[in-house]
Amino acid sequence: MAGEGRGSRAQLLECGDYMHPHKTATPRCCLWLASHINVRKCVAGVMLLSILTIFFYTYYVTAPITSLVWRDRVPRPLSQCSLLASQQQTARDHRSDARLRIDAKVLVIAESLYSRLGRDIAELLVANRIRYKVEVAGKSLPVLTTLDKGRYGVIVFESLSKYANMDKWNRELLDKYCREYSVGVVAFATPGEESLVGAQLRGFPLFMHTNLRLKDAALNPASPVLRLARAGETAWGPLPGDHWTVFRANSSTYEPVAWALRQNEYGSNEERLPLATVVQDHGRLDGVQRVLFGSGLQFWLHRILFLDALSYLSHGQLSLSLDRWILVDIDDIFVGERGTRLHVEDVSALLASQTALQRLVPGFRFNLGFSAKYYHHGTLLENMGDDALLKNREHFNWFCHMWNHQQPHLYNNVSQLEAEMMLNKQFALEHGIPTNSCYSVSPHHSGVYPVHEPLYEAWRKVWDVKVTSTEEYPHLRPARLRRGFRHRGVMVLPRQTCGLFTHTLLLERYPGGRQRLDRSIQGGELFQTVINNPINVFMTHMSNYGNDRLALYTFESVVKFLRCWTNVRLASAPPLSLAEKYFQLRPDELNPLWGNPCDDIRHRKIWSKSKWCETLPKVLVIGPQKTGSTALYTFLAMHPALVPNLPSPTTYEELQFFNNNNYLKGLDWYLNFFPPSQNNGSQITFEKSATYFDGDLVPRRAHALLPNAKIIAILISPSKRAYSWYQHIRSHGDAVANNYTFHTIITANDSAPKPLRDLRNRCLNPGKYSHYLERWLVEYSPHQLHVMDGSLLRSEPAAAMHGLQKFLKIQHVDYDKLLKYDPKKGFFCQAVSNEKTKCLGKSKGRIYPPMEERSAKFLRRYYTPHNTALSKLLVRLGRPVPQWLKDELTNG
């Protein structure tokens, strides 16, 4: 496209075509004329062109940057708001003490798990980080309270008719909950229902007209529901869909929130009356407040009204902040083919637009990312544009790209990366470009995520980078799930797209045409991106600011549209400040969640070819500790189809990667224990870390990286496990274990010293097997989980391994031939010959003094409810209940 854009059509546009936006075309026109004049035959032409060249060089390089001259019939930013919308409005504060009695969570009653509106509701809640639970309509309501607090701040019904026609028992239960905890209800009139004309909604003094086509929506400025949304404007034109419902009430308990007109098909005056498309029920009749929508969330205005309804009905518990921070990065400064780069007048327009935006967005500055190798690589006028950028450098913020715009993952040598970055830094110092932004963006997002460790190391050494951004974490799509993280001291912000890309140059060639771009700006994707994200880092490219200057049109328009329709408070700040604000708002995102680069085609392309992921483990033995996991590891390693990880120098066969400390070292650290040379290509890699079983974050982390892994848990009597753990750490010299008896430790109360309580928890908590297995089952399906009987593995290992091989679907190996009982150790060991065995170390199989009866009695009583829950879980999963568990339940 770039080459074609500078062909004959583009040249004609540069010579004054009225469709070409924002241009003072004379300089480019002169070059086109020059290429078509036979200067050898026309000396006067040569002299004229020389004079013109000197004139325009002097004007565009030495003269100060002037205001942009707008042409007629070009894409202009949205004009100012209407009189009412332009007036200062104070956003309502919905907070009251009633919010303290409810949780900040939404209960969604959906038609089905796959319904369109149900998905739209869930996606909007996820985009705004609002917690929710989905239940399918027709079932009994879930538990609504916990102790003296309501579990949900708002109840959302996908179907208004299903809500109105609930069975008496559930409706009374719901109304009682809503009244007692001041919880409101949101409901949507769904399309496809029977056409109604003036039909009364069951149980409500409210009449409905359905299946209408509407136009020209507006908001009620007096509605107390409005907070994000701002009244005063009209959304002109037809509303999406042909199945709208409007409401008419004969009670003062109802108040319109939004209106629209019926599309005038017959020309009657009646069609011009405003019809209520969203109504608020103040609850004056039954004590329950509601907001009812006449259509779903396809209409952009309904999306912000839905967020306002959640805020209002939850008494501010579900309110979103009105602050929105915007940073616009311009990548690839100095980079681009000839014909796509900036001219002097483009720089002029950039400054004029920045000034206009600063009046609406305090602190706004365009953020320019440069690759200096390509400085002065354009045409004469484009090189003049490069000079104009440097001349006005103090008016912009700057950040570094790579010197040659090369992707960092292609460098495996840190020194090479540092050398490239130093060239860029030297250019910056020579030309007065600031070097202290602490921000950088990698070309094509390479090396940021998936992480390329040399990039982070070089960034810190050369540029002292503390902040970057990417659109690739955890994945490009869906955009609502983009998140931030911190790695090696660098804060990584989620980056957003604005619908403009490297080759988005001309409005007439915009994919989908101008209407599509305008839809994104006026309530569509770009508008919603700002609404749903308190901090927005937008990616644009230098080419978006030349040619038709679509980026200037886009950002000025969306900012004005936000000002007209919302009460958000727009502002901007440097990247480091924005990163600090982001992680103050999202502290839960500081720790990364590593995914498998091989599972995302985009990630595979920006990951070093010297790395691998095929040998990542397909089997995880998760423990818990002191149940026989080391013996199981040894038995698995004997199988020819299985290969373990390389040992760790500190934790031996256990990598303990998914626990905190090692996890933050990054994926490269983990991969080094699974080199391709360790696997013959047909083997299955496995890992065993007994600390995984009860680790709080481990199941989610493991599933993010290994979603298809088989999970093996090995369980024994929790009482025996607790006693074995105590004896194990006592033998390793633990001061608390050596100073207190086992009974003192397990019976310690919450007022005991912290070291004593910590040891008590490590003895008792892992034995709550069902609790931790349920946590694993949140991430993994039941067919991926194998619960192994640890007692059977000790007494009949061949039988236990037979069942495990069937689960893993690997060739059967007769472990009777591989294992031999060692009477000295008291357990089975690897058979080296008919006479000899190879057993585990001295720390395994120790004989401890018997447990005191009072401790055994206490533990039986303590674990009875947990063992009962485990038994029920195994039955539900269709798994056999081990003999030790039957005995514990019988004796308990």
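Quick reminder: no glycine exception, Cβ is built from N, Cα and C everywhere.
Annotated features in TrEMBL:
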TRANSMEM  42-60  transmembrane segment
DOMAIN    102-313  domain 'Heparan sulfate-N-deacetylase N-terminal'
DOMAIN    323-527  domain 'Heparan sulphate-N-deacetylase deacetylase'
DOMAIN    617-864  domain 'Sulfotransferase'
ACT_SITE  LYS626  active site, for sulfotransferase activity
BINDING   SER724, LYS844, GLY845, ARG846, ILE847, TYR848  3'-phosphoadenylyl sulfate binding site
DISULFID  CYS829-CYS839  disulfide bond
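Locations of recorded TrEMBL features on the structure.
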residue	record	CB count, 10 Å
LYS626	active site, for sulfotransferase activity	23
SER724	3'-phosphoadenylyl sulfate binding site	19
CYS829	disulfide bond	21
CYS839	disulfide bond	18
ARG846	3'-phosphoadenylyl sulfate binding site	12
ILE847	3'-phosphoadenylyl sulfate binding site	8
TYR848	3'-phosphoadenylyl sulfate binding site	13
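Note: the Cα of TYR848 (3'-phosphoadenylyl sulfate binding site) and the Cα of CYS839 (disulfide bond) are spaced 19 Å from each other.
In terms of C-alpha distance, the listed recorded positions CYS829, CYS839, ARG846 place ARG846 closest to LYS626 (active site, for sulfotransferase activity). ILE847 (3'-phosphoadenylyl sulfate binding site) and CYS839 (disulfide bond) have their C-alpha atoms 15 Å apart, to the nearest angstrom. The two recorded residues, ARG846 (3'-phosphoadenylyl sulfate binding site) and CYS839 (disulfide bond), have Cα atoms 13 Å apart. Across the structure, SER724 (3'-phosphoadenylyl sulfate binding site) and CYS829 (disulfide bond) are spaced 20 Å apart at their Cα atoms.
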